[in-house]
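*Asks:* The structure that follows is given in the form of structure tokens.
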Amino acid sequence: MASGGGGCSASERLPPPFPGLEPESEGAAGGSEPEAGDSDTEGEDIFTGAAVVSKHQSPKRTTSLLPINNGSKENGIHEEQDQEPQDLFADATVELSLDNTQNNQKKVPAKTLISLPPQEAPNSSKHQPTYEELEEEEQEDQFDLTVGITDPEKIGDGMNAYVAYKVTTQTSLPLFRSKQFAVKRRFSDFLGLYEKLSEKHSQNGFIVPPPPEKSLIGMTKVKVGKEDSSSAEFLEKRRAALERYLQRIVNHPTMLQDPDVREFLEKEELPRAVGTQTLSGAGLLKMFNKATDAVSKMTIKMNESDIWFEEKLQEVECEEQRLRKLHAVVETLVNHRKELALNTAQFAKSLAMLGSSEDNTALSRALSQLAEVEEKIEQLHQEQANNDFFLLAELLSDYIRLLAIVRAAFDQRMKTWQRWQDAQATLQKKREAEARLLWANKPDKLQQAKDEILEWESRVTQYERDFERISTVVRKEVMRFEKEKSKDFKNHVIKYLETLLYSQQQLAKYWEAFLPEAKAIS
């Protein structure tokens with residue numbers, strides 16, 4: 001088509017003569033083909049310089065130049081003009097400083113639009129939501145609020161006695177009336193707070209931290225027994241457990257904004273919590289409801305559409321089993337450490353008696369000092385047993401209960417899904433009933449059937465939204481729970497290792513101090 005176009009233009013008009021060329025040199029340039037080439041090149045100069053050329057002519061002219069490039073290359077003018085389009089395409093992706101600005105402005109944006117944005121868009125859409133969620137969770141976790149539980153005090157006598165704890169709060173949040181305040185709370189108040197929060201938030205998929213478990217034996221000893229070491233140990237364990245429970249409550253952004261939590265922390269007197277006793281009617285009803293829920297959960301077979309929930313539930317169940325095994329081992333370790341402390345104390349007493357009856361002065365003094373060292377070691381073992389319990393055993397016990405609440409959140413999501421499926425099945429039955437009424441030609445009942453269909457369609461839509469909402473909440477709550485769990489375990493393990501290191505350093509210090517006395521025995 002290039003050669004044909006050149007012949008047509010040569011027949012209609014003659015190209016202007018090139019200055020400085022003689023007829024002999026033109027004839028030696030190659031006959032008719034150079035003339036066609038000359039006419040094409042001259043026509044190109046005319047069209048590129050014209051201001052009325054449309055945008056659709058530029059790519060056509062460019063394609064017409066490509067076949068000419070394979071033609072005669074003996075003319076120097078052809079070589080320059082044939083190389084110029086190649087320079088345009090080669091430089092278009094690198095720089096924009098060329099003479100033909102119109103062609104560059106059309107070609108360069110097309111290549112940048114294809115190459116750059118599609119590479120950045122998927123990454124931003126894929127990773128940005130997770131980053132925002134994590135950043136939001138970090139901001140939510142930074143609360144300037146600290147609660148402390150101190151001064152357990154026995155009030156009353158006999159079986160009507162109870163223990164009141166001083167709950168102190170320090171905060172700069174504008175939610176509260178002052179920066180520091182304190183109230184008195186009994187154990188049933190903590191249980192009542194959990195019941196209120198669980199009733200409001202658990203059905204929406206939130207993980208409400210559970211309170212410490214009841215202990216009938218321990219509390220009975222406190223009520224009717226005298227103030228001995230076992231009662232003091234029980235009260236200290238419960239005080240620490242209540243403090244951890246309340247701190248987890250106020251660390252949760254949703255729970256902190258609940259009016260019941262603020263009332264619990266600020267109000268001087270609370271109404272008596274009902275239904276918190278184990279053997280009460282409400283307590284027995286709760287046990288029955290839990291058993292019913294367990295049976296119904298076994299009958300529900302959910303077709304999980306999101307593999308994340310299925311995998312995460314399996315992880316939670318496996319982790320709960322492993323934590324139970326580890327907790328049993330740590331409790332055994334605590335008991336062994338306490339036995340070691342008792343045996344060390346008996347060993348110290350025996351050494352002291354032996355040293356007092358020894359005639360050799362140096363040996364008697366060495367045995368007496370060894371008995372003192374063993375007494376110090378007995379204190380170290382006792383302290384380490386307490387550290388084993390409060391830093392490891394109690395941490396594992398808390399997270400065993402927390403994992404049970406996490407499983408309950410998954411179960412609540414399953415119940416919401418089952419309610420949605422039941423509504424869909426009911427809607428299908430209503431539609432089938434409407435079809436039967438239409439077939440039987442009963443217009444008097446048809447309007448009622450249509451109203452019921454509209455009602456159940458609205459329910460299906462609402463239950464579907466509820467399922468989507470609780471799925472979002474459970475996912476976010478599990479992510480937050482895992483983050484808090486990692487922080488808790490890190491802090492407790494570091495503290496536990498520091499106590500072990502301190503214990504070993506003290507042991508080395510005691511033995512190094514005693515070694516010269518042992519060497520001085522003659």
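Cβ atoms here come from the backbone N, Cα and C positions, even for glycine.
Keep in mind that what you see is a predicted model, and the values were worked out from it rather than measured.
Features from Swiss-Prot:
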type	residues	note
REGION	1-89	region 'Disordered'
MOD_RES	S32	phosphoserine
COMPBIAS	35-45	compositional bias 'Acidic residues'
MOD_RES	S39	phosphoserine
MOD_RES	T41	phosphothreonine
MOD_RES	T48	phosphothreonine
MOD_RES	S58	phosphoserine
COMPBIAS	60-73	compositional bias 'Polar residues'
MOD_RES	S72	phosphoserine
REGION	115-142	region 'Disordered'
COMPBIAS	132-142	compositional bias 'Acidic residues'
MOD_RES	S188	phosphoserine
MOD_RES	K237	N6-acetyllysine
MOD_RES	S280	phosphoserine
REGION	281-298	region 'Membrane-binding amphipathic helix'
DOMAIN	302-522	domain 'BAR'
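Context for these features, please: burial, neighbours, distances.
*Replies:* S188 (phosphoserine) falls within a helix when secondary structure is assigned with DSSP.
In sequence order, F389, E394 are the residues of the chain that are 6 or more apart from K237 (N6-acetyllysine) and have a CB within less than 8 Å of its CB. For the recorded site, K237 (N6-acetyllysine), the DSSP three-state label reads helix.
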*Asks:* Using a 10 Å radius around its CB, how many other CB atoms surround S188 (phosphoserine)?
*Replies:* 17
